[in-house]
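Here Swiss-Prot flags His83, His182 as heme b b562 binding site. If you look up Swiss-Prot, you'll see His97, His196 marked as heme b b566 binding site, on the strength of similarity to another entry. Per Swiss-Prot, the feature ubiquinone binding site maps to His201. Sequence annotations record features per position, and here Swiss-Prot assigns transmembrane segment to 33-53, 77-98, 113-133, 178-198, 226-246, 288-308, 320-340, 347-367.
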Amino acid sequence: MTNIRKMHPLAKIINNSLIDLPAPSNISAWWNFGSLLAVCLALQILTGLFLAMHYTSDTTTAFSSVTHICRDVNYGWIIRYMHANGASMFFICLYMHVGRGLYYGSYTLMETWNIGIILLFTIMATAFMGYVLPWGQMSFWGATVITNLLSAVPYIGTNLVEWIWGGFSVDKATLTRFFAFHFILPFVASALVMVHLLFLHETGSNNPSGVSSDSDKIPFHPYYTIKDILGALLLILILMLLVMFSPDLLGDPDNYIPANPLSTPPHIKPEWYFLFAYAILRSIPNKLGGVLALLLSILILAIIPLLHTSKQRGMMFRPISQFLFWLLVADLLTLTWIGGQPVEHPFIAIGQLASILYFTILLILMPIAGIIENYILKW
């Protein structure tokens, strides 16, 4: 009798995605981040659900409801900090996952890559709205500053901002709708993950060598299930170390002050995982220009496949491109640092240089490096 997992309509889907899936035999730990992201998403939905049971999305009670969760709800503090730091782990895994795609040329799987970009935007929107919910100073002013960017849209900008606010400033209506969106978007993301995997399984995974692995496949289970479980355990270990020993390490102390529209914090800044984009936004002295640069800093990923000039897929055997890739990583770390600094000399100049370098590497230097490497190999 044929195994039920290969026959049952539902079990068959799971079987073909997680058990009998033919996987390349040489994929490294950089291929672990996909499953780690799934773990992060599941953790965030679970902890978020329990937080939503005790949270109230009203300007008068939001801040105290979060305090109530931490003080009075059984294990409320651990749920709250797992959710807050879980977001940080989520973004670490996201950036590693995208970095892997850039390094090994996974962006040649166009549909998977583009769905991934949409997913990235969805999760960034979710995280931004989640940061507003505790209704601390940084929540309120972060929401005010970021939503205000839409006023740079010609002609309809002001109307657009007021429509999103549900009034003439960030207030009760804004908080309520942000909570609604923050609750629903992770489920939208889950659906997109399914589509992401659907497209990935049409072509099969890429591998470090960049060469087709059709002739050398191994079953996903047990080889990669055990590897993914190890990765997940390490992820949870790091998350719990963060939660137990320094839960506020990555947060902003200003968010422990209740939101006050009459007092602006000295430095308004988003969570650390948005600082690189925030630095690019601030480095352009024009409002509309800054907003466009902010959008392009992520949207540039969509044109990466069109800029691929090398005749090799990944960067494994391309030292010039490798150098540029790690220069890009260093540049992004520099931008992250600058985003958290006040707007004054020399940070402004460093931010502008780092922003120019970011776009130059991706749009100009990497395609040129590909051509040079082809030439060196006489291809």
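Counting starts with 1 at the first residue shown.
Here the Cβ of each residue, glycine as well, is placed from N, Cα and C on the backbone.
Model, not experiment: these values are computed from the prediction.
Location within the structure of each feature annotated in Swiss-Prot.
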residue: His83; record: heme b b562 binding site; DSSP class: helix
residue: His97; record: heme b b566 binding site; DSSP class: helix
residue: His182; record: heme b b562 binding site; DSSP class: helix
residue: His196; record: heme b b566 binding site; DSSP class: helix
residue: His201; record: ubiquinone binding site; DSSP class: helix
Contact between the transmembrane segment (288-308) and the transmembrane segment (347-367) (at least 3 Cβ pairs under 8 Å, separation 6+): yes
Proximity verdict for the transmembrane segment (320-340) and the transmembrane segment (226-246), three or more C-beta pairs under 8 Å: no
Remote residues contacting the transmembrane segment (77-98) - C-beta distance under 8 A, at least 6 residues beyond either end: 30, 33-34, 36-37, 40-41, 43-44, 47-48, 50-51, 66, 69-71, 116, 120, 123, 127, 130, 235, 238-240, 242-243, 247, 250-251, 271-273, 301
Within-chain partners of the transmembrane segment (33-53) [C-beta distance under 8 Å, separation at least 6 from its ends]: 69, 79-80, 82-83, 86-87, 89-90, 93-94, 96-97, 100, 182-183, 186-187, 189-190, 193, 228, 231-232, 235-236, 239
The residue listed as 'ubiquinone binding site' and His97 (heme b b566 binding site), Cα-Cα, nearest whole angstrom: 17
C-alpha spacing of His83 (heme b b562 binding site) relative to His196 (heme b b566 binding site), in angstrom: 24
Inter-residue Cα distance where the pair is His201 (ubiquinone binding site) and His182 (heme b b562 binding site), in Å: 29
CB contacts for His182 (heme b b562 binding site) [other CB atoms within 10 A, all chains]: 21
Those binding-site residues listed as His97, His201, and which of them has the most Cβ atoms within 10 Å of its own Cβ: His97
Integer Cα-Cα distance in angstrom, His83 (heme b b562 binding site) to His201 (ubiquinone binding site): 30
